[in-house]
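A quick write-up on the structure given underneath.
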Amino acid sequence: MTIPGAGFAGPFAVREFPMTANELRAAELRELLNRYGHEYYVLDAPTVPDAEYDRLFRELQALEEAHPELAVSDSPTRRVGGAPLDEFVSVVHAVPMLSLSNAFSDMQLTDPAERHSELIQFDERVRKGLDAAEVEYATEPKFDGLAISLLYENGVLTRAATRGDGVAGEQVTENVRTIRAIPLKLDGANPPALLEVRGEVLMLKRDFERLNADQIARGDKTFANPRNAAAGSLRQLDSRITAQRRLSFFAYSIAQVGGADWPATHAGEMAWLKTLGFPVVMDSLRPVVSGAAGLAGYYEAVLTARAGLPFEIDGVVYKVNRRDQQEALGFVSRAPRWAIAHKFPAEEALTCVEAIEEQVGRTGAITPVARLKPVFVGGVTVTNATLHNEDEVRRKDVRVGDTVVVRRAGDVIPEVVSVVLAQRPMQPAEGGDLFSAGEEPRYPAYRLPTACPVCGSHVVREEGEAIARCSGGLSCRAQRSQAIQHFAGRRMMDIDGLGERYIDKLVEYGYVQGVADLYRLKLEDLLEMKRRADEDEGVTPETVKAGKVASKWAENLIEAIDASRAPPLARLLFALGIRHVGESTAKTLADWLGTMALIRRCPAALFAALPDIGGVVADSLADFFAEDNNEKALDALLAEVKPADEHAPSPKLRERLDDASLLARLAIPRLTEVRSQQLAAQRSLAWLGQSERRALLALELPAEVVNALADWLDEPGRRAALASLAGLRDEILASLPAAAEAAALPLEGKTLVLTGTLPTLSRDQAKALIEAAGGKVSGSVSKKTHYVVAGEEAGGKLAKAQELGVAILDEAGLQALLAGN
């Protein structure tokens, strides 16, 4: 099924039908436009973009102009908007609230005269009607909100009404009184006896974001856009709800004045309204310009600034500035001849989803993307739109073949807003036929792939996270530049001189496929890379102009790469870019497990047994080292890099690798720490790894705990993994020295704080020495601090230590402590 009119050949063309077909088409268009107008103006729940409504309206308008006999009194072309809501008191407008005729510019055309042809025609009509060589126009943004009329008697607000159908609207006085931007009493000593002001109620972008955040927090439905939020808020029967919605208002015209002089120009009206206390849009957005060229310049300037404005607009408005000229031009049936709304390229449009694919970002985030039938929206042709994440795709139920509403605002990445379900491709339900009533969607619901589309690594989505990620951090082509940039960082491998530009070009030109390739780079590779990069960017260095080749930077970079071949194990682990593994966690792994070989073999439960490593971090570590592509990349890296400080596992592991501790970290349902201790007292890990379900029934534990344990063990691979964990644990414990042999470190259990500048040690060097001696470095002084090491220009931390009576050391005192003195 398609929307009638889809495929229409152009914005002004009239399709040639036999007369009966023209009558049918006109009736069809009237029915569609009445329905869409009701959804937009009355229900505040539009189902099609504004651009689609405008296109159908203009088709009907062109059809009626070509065939006047088709025009009827209730045609949407003779109306302004929707009917008033029944729940509000109806108000007849003393001066009808007419809408404006629309002009459009085809921003795909390069010739300004062609692009703004409708604008030029408007200016020509105005000049001809006034018999004037040039006309001044007042300009202003076309707000995307809800038009209202405000009536003041003797300076006091007595009535507020919506536009409704232009002749009659709804009285919303109590709600409008809650809008702080609207004056309840006019400024000035002598207000007019009667004043009717018209303007727009709207919601600022920031207030819209706050409102939707509040809606989400309460579990309520969010609003699609600021216009819907403003309209829905103003039409609340309970004005207390309106008061909570942070509505704004801008005045843009005067409808009637009594007992005061009416300014002679529109610009004068705006200046007068400002003195009376009305908010009007900033001066820079409402200049007075001359002729079609001035109008076109204003249009393009505001179009460029649109995304940065604090409110939504969908075009601009031009009005003949002088009131006497407005009166001379008069009105047509539905709009003034002296004003026109110039619509921006639609920010929303209908198109079809041809495919759904996945993009992998530099950090491994996997984003579903809709491949679209090309559509012009927001000033550009859009062929792709983000679907954000799997949850969003399912919430909107976007499928291949769907007709969707696509939105592009400013420089924002195009997104799929919603699906037009009435146009979803359907097929007979399974087991049915073409004549049966049952139908089902032709295309299935979207499912995120389990393997990365770039490298084939496993896709991991952590509990509570909306984003799924590729686990092949070291090997994934999409993540290559980011992975290398992190790897080379100062606190990681500290490869000085290897910046983002060089990394991107090394990857782009194929010199580096992974981190291991850095160590195979030759001087000529770097020089050739830079020559190509400069050429691509149109840069000619001074040395090249002089016929020379600057190579010192490349020699220094090769030296820096070579200097990183024997890093501390903790730095190497941090450099791998494992998700959730920061500097502190990397140090814990290095201190407790000692070697990369052992770390690579550990399952999640063993990682979780280490201090300060929780389940999420443990799972991330295990997933990283279990991924085949990462394993290959790590093998290649370790052929070039050898950690300088590998050592035997920490003797303290003996206290953490007992059966009860490991069982408690396996996340077995119902197996609490207490139950883990009870189970470990009866059976070993090795026994559980080989046990049959019936053997578990003999355990002295509650039946629900035993059943949960049995179900967990029955999952494929669980018993083998448990047996492997037990075997690795036993191997580690067997390698540990006897308890008596384990020498205590000089700063074991001590917390130190560094402040000021030390004579010979940098902050990082001092921290490394303290941690190697078993101590912990904290960033703040407290009663639990054992020592503060103070250098020159020590600040508030020194004063805090003196206040708390904490021992204070200089660098010599620290060295003495490290030596065990």
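Here the Cβ of each residue, glycine as well, is placed from N, Cα and C on the backbone.
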Point to revise | Same-site NAD(+) binder from LYS221, LYS274, LYS343, LYS373, given that Swiss-Prot records ASP50, ALA51, GLU52, TYR53, ASP54, SER99, LEU100, GLU140, ARG163, GLU200, LYS319 | key: LYS343
Study note, to complete from the structure: Same-chain shell around Zn(2+) excluding CYS452, CYS455, CYS470, CYS476, C-beta within 8 angstroms of the CB centroid, reads VAL360, GLY364, PRO453, VAL454, GLY456, SER457, SER471, GLY472, SER475, ARG477, ALA478, GLN479, ASN629
Practice item. Name the one residue among LYS142, CYS452, CYS455, CYS470, CYS476 whose Cα is closest in three-dimensional space to that of ARG163 (NAD(+) binding site); these are the recorded positions. Key: LYS142
Review point. So of LYS142, ARG163, LYS319, which of the recorded positions has the fewest other Cβ atoms within 10 Å around its own Cβ?
Key: LYS142
Practice item. Tell me, if you would, which residue among ASP50, GLU52, ASP54 (binding-site residues) has the fewest other CB atoms within 10 Å in the structure shown? Key: ASP54
Point to revise | Cβ atoms near CYS470 (Zn(2+) binding site) (within 10 Å, other residues, all chains) | key: 28
Revision key, fill the gap. Among the recorded positions listed as ASP50, ASP54, LEU100, LYS142, LYS319, the Cα nearest the Cα of CYS455 (Zn(2+) binding site) belongs to ASP50
**Study point:** Nearest-integer angstrom distance between the alpha carbons (Cα) of LYS319 (NAD(+) binding site) and CYS452 (Zn(2+) binding site)
**Key:** 56
Review point. For the binding-site residues LEU100, CYS452, CYS455, CYS476, which one has the sparsest Cβ surroundings, going by other Cβ atoms within 10 Å?
Key: LEU100
Check your understanding: Per DSSP, how many helix, strand and coil residues does the domain 'BRCT' (742-821) have?
Key -> 27 helix, 17 strand, 36 coil
